[in-house]
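Below: one structure, written as structure tokens.
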Amino acid sequence: MTLVIKLSGRVFEDEELIFKYARVIKAYSGKVGVVTGGGEIARRYISIAKRGGASYTFQDLLGIYASRLNALLFISLLEDACPIVPTNIEEFLDAWRRCRITVTGGFQPGQSTATVAALVAEAVKAPVLLNAANIDAVYSEDPKINPNAKRLPVLTYDEFERILKSSVLPGGYELMDTWSISILKRNCITTYIFDGRKPEHIEAVMRGENPGSKITC
């Protein structure tokens with residue numbers, strides 16, 4: 001089965017975790033697309049640029065280049081990966097035709113890497129998108145604020161969108177946004193959201209398990 005995996009930029013803040021993800025992906029025999037977030041590098045550079053008065057577009061560009069740097073690092077750990085980081089969907093598809101593993105970061109200002117991951121999943125006709133996130137599942141409310149928040153193992157995109165719009169989900173924008181949801185809904189691609197600190201959850205999904213939250217159309 002074709003896999004598309006969205007790696008939170010926070011994964012790249014833990015050296016051992018990066019290597020663990022590389023091992024899991026190398027062990028998988030099928031085709032894999034990976035989209036990396038910008039992480040701490042992006043946040044730091046954007047903060048400095050914002051303080052200096054840079055436009056939102058310029059701040060987005062810094063985040064994009066940070067995510068591409070993470071992508072290039074990840075490529076260096078994967079023998080079967082395309083050695084070039086695609087910068088748009090056309091370049092991604094070109095690499096996809098030639099390589100077993102293709103890794104990319106952001107594409108353009110105003111577009112999250114969550115949307116990039118959705119576009120990639122759509123373009124390669126992947127049945128599922130695996131989101132290694134900075135939370136372990138989707139909750140009805142922020143569990144840090146409300147300890148009684150309900151963990152939601154299965155939900156629809158419509159239900160998930162309502163939770164996002166209520167602004168109670170931690171890391172919501174990084175997790176998914178309106179554009180990414182619309183792309184995934186129109187293709188009926190199933191998304192699995194799980195704790196990004198546990199790369200073994202990729203293997204769990206492949207075994208038919210649900211280690212976090214499963215979002216369907």
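Every residue, even glycine, has its Cβ placed from backbone N, Cα and C.
For the UMP site, Swiss-Prot gives D60, F107, Q108, P109, G110, Q111, S112, T113; the one candidate out of G33, G38, G52 that the record lists there too is G38. Listed in sequence order, the binding-site residues near K6 (ATP binding site) (C-alpha within 10 Å of its C-alpha) are T113, out of G38, F107, P109, T113. Annotated UMP site G38, D60, F107, Q108, P109, G110, Q111, S112, T113; additional same-chain residues within 8 Å of its Cβ mean position, judged by their own Cβ, are G63, I64, G106, T115, V116. Cα of R43 (ATP binding site) to Cα of Q111 (UMP binding site): a span of 16 Å. The CA atom of F107 (UMP binding site) is located 19 Å away from the CA atom of R10 (ATP binding site).
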